Amino acid sequence: MSQAATPAADGKVKISIDPLTRVEGHLKIEVEVKDGKVVDAKCSGGMFRGFEQILRGRDPRDSSQIVQRICGVCPTAHCTASVMAQDDAFGVKVTTNGRITRNLIFGANYLQSHILHFYHLAALDYVKGPDVSPFVPRYANADLLTDRIKDGAKADATNTYGLNQYLKALEIRRICHEMVAMFGGRMPHVQGMVVGGATEIPTADKVAEYAARFKEVQKFVIEEYLPLIYTLGSVYTDLFETGIGWKNVIAFGVFPEDDDYKTFLLKPGVYIDGKDEEFDSKLVKEYVGHSFFDHSAPGGLHYSVGETNPNPDKPGAYSFVKAPRYKDKPCEVGPLARMWVQNPELSPVGQKLLKELYGIEAKKFRDLGDKAFSIMGRHVLVAEETWLTAVAVEKWLKQVQPGAETYVKSEIPDAAEGTGFTEAPRGALLHYLKIKDKKIENYQIVSATLWNANPRDDMGQRGPIEEALIGVPVPDIKNPVNVGRLVRSYDPULGCAVHVLHAETGEEHVVNID
């Protein structure tokens, strides 16, 4: 992992961090800094995936197992999208108990993923760990809680409060994995979700075991996670003004609440150019103008006719990530998008602490205004969505029917198409499946990472992370901590140590971005 800071004649300094993440490919971030702020940014995916090619010619039912290997953090999301695409193509309607069982599997994965995001991928940007590996070496000018809070005793107490939760969160995540495995067979890479529903018929004993584990997770979210996030935000108030971006969001909807998939816990929708719109799948296109891919015709392609033709030598390209657009506009996806579209009530803890710590009267999510689109706003909404998911899991546990059927048998059609729309913890996810002669003829995946971490499109518009980086403060080019904070607020699963090499002196600076 390396980072180079290169001076330029116009007073800019280019900082290149490569790779910035280990999950879902290698993410490279390049920013140009002038007068202590980012003035330009490029987000590059440096590894070709090619899962679409792997799936061609296979039994359609294989897809839900193969696509889970895309990501070890959210395989359940890819499985969900895949089986929904198969349900659509096979013409099968899942039973009520099958739908609820799927929600319980996926809901537990949501809880785990969100807790992972903050505590083990982002928290050490703010909380100081002990002076032992892997917490050291740490970079200078880290701007941690212990640096921000001037009262030494209060600083140490607040930092210890956060660090203790960091350790406890490991245990909570293990419990969430057990919850997934109880109905999903195992975690990661669940086996219990298939076309037609779920393979596990819940029993009263299993429901009780799941519920007992869930209570511990729910208690952690309410009593520890939410209070820590709001306490952290009260210290880093400037990060509620940083990383705003395009302010366009899109959500596909997740956790169906009826058997016809007409209502969802978090509904589909679009907020673009300051207006709410209904989601129309026909308006989704992928562009490759600055991606290492070729299209057979100019312009963007709808996912149903999508092409995956790699060209690593393409002039002007800088990423193996395509550029999805809605109405030709870049859109952010993830908890921010879902919560903005749904606009649910904030948790009682959140409403109370916003008033006590910030002096803000906020009942619903949109009451936060532009603060929601910031670095710290994203962390707040992830915590709030974790609470909202926990409330839903508690409801589903009351709805699930022990002993009731969860699976509907179906046959592979000779020819068919199907699309699965859902939401990974990181954001909007779709899988498109085309069957010919009972085999997969075409398979296309538009993942959350594509939506958020994409490069410029054919029109020259920056991707969401690229745009959000503009204006981010970088007072010390050797320690661009806010660049890492911004990218991590999108949950791209980071965990690396970065070295900065000064282009003129050759001096090396260790930059820990864990």
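Using the three backbone atoms N, Cα and C, a Cβ is placed for every residue, glycine included.
Taken from Swiss-Prot, the feature Fe cation 2 binding site applies to Glu52, Ile445, His499. With a cut-off of 8 Å between CB atoms and residues at least 6 apart in sequence, the same chain places Phe51, Glu52, Val67, Ile70, His78, Ala81, Leu429, Leu430, His431, Tyr432 near Ile445 (Fe cation 2 binding site), listed in sequence order.
Cβ contacts within 10 Å of Cys71 (Ni(2+) binding site), excluding its own Cβ and spanning all protein chains shown: 22. Cys71 (Ni(2+) binding site) falls outside any helix or strand according to DSSP and counts as coil. Swiss-Prot lists Cys71, Cys74, Unk493, Cys496 with the feature Ni(2+) binding site.
Residues or ranges marked as Fe cation 1 binding site by Swiss-Prot: Cys74, Cys496. For Cys74 (Ni(2+) binding site), the count of additional Cβ atoms within 10 Å of its Cβ stands at 28 [all protein chains shown].
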